[in-house]
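Reviewing the structure listed below.
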Ligand SMILES: O=P(O)(O)OC[C@H]1O[C@H](OP(=O)(O)OP(=O)(O)O)[C@H](O)[C@@H]1O
Ligand SMILES: O=c1cc[nH]c(=O)[nH]1
Ligand SMILES: [Mg+2]
């Protein structure tokens, strides 16, 4: 599983446990999703390229490393992936943000696309796709299919909770991408919800239902 990182950091695990609690309200839920995305992003972006630039300190002039170029795109899968965007923007404020709209059919659990807008030149950007949940994996696989069709090449995928079957499907469909998972859960129930999971991430972030 070389291309998969499952986080073990206690801060991430602690915050995920609060997310799971059905008594956690919308305000706190939204803030935690953002914080976890930032903590995960810190690790997921550790391979951003650096270049030395000249800086004059109060003492002397030196060559010192800064992120090379500003070509990054964050691409949330709507709606729930939106909740993770600000956490990553806090790390890389200059990143551009694309959007992919997908919803999962409640009966078939198949993903349906309703929107796609990506920043150009997408092929030159490091792309971080966000969605808190990977259940069957259908939405993640489809979103990355779109990004690749539009020319995206350097793709990282971040989710907060994944089911093993969805993660396997994503890895098999897109072995070339880096995948970051906050916690790997037990599996899916008969409605393709993650167990124990946290319920419907989109509804809990936006207070719908
Ligand atoms: O792995 P899958 O089986 O495809 O399920 C995961 C998808 O389901 C949820 O979105 P949902 O369809 O509920 O849309 P929403 O974000 O608008 O609530 C979630 O945010 C993922 O996108
Ligand atoms: O458990 C699940 C499965 C799909 N989407 C969610 O938001 N939660
Ligand atoms: Mg939802």
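Please read every residue number as a count from 1 along the shown chain.
A Cβ is built for glycine as well, from the same backbone N, Cα and C atoms used for every other residue.
Among 2, 200, only 200 appears in TrEMBL as part of the 5-phospho-alpha-D-ribose 1-diphosphate site alongside 79, 104, 131, 132, 133, 134, 135, 136, 137, 138, 139. Candidate binding-site residues: 194, 199, 201. Those with a Cβ under 6 Å from ligand 1, in sequence order, are 201. Under 6 Å, Cβ to nearest atom of ligand 3: this is the test, and of the binding-site residues 135, 137, 139, 194, 199 it is passed by none. Considering only the binding-site residues 194, 199, 200, 201, residue 79 (5-phospho-alpha-D-ribose 1-diphosphate binding site) has 201 as its nearest partner by CA-CA distance. Listed in sequence order, the binding-site residues among 79, 131, 135, 137, 194 whose CB lies under 6 angstroms from an atom of ligand 2 come out as 135, 194. Neighbouring residues of the recorded uracil site, listed in sequence order and excluding 194, 199, 200, 201, comprise 132, 133, 193, 197, 198, 202, 203, 204 (Cβ within 8 Å of the Cβ centroid).
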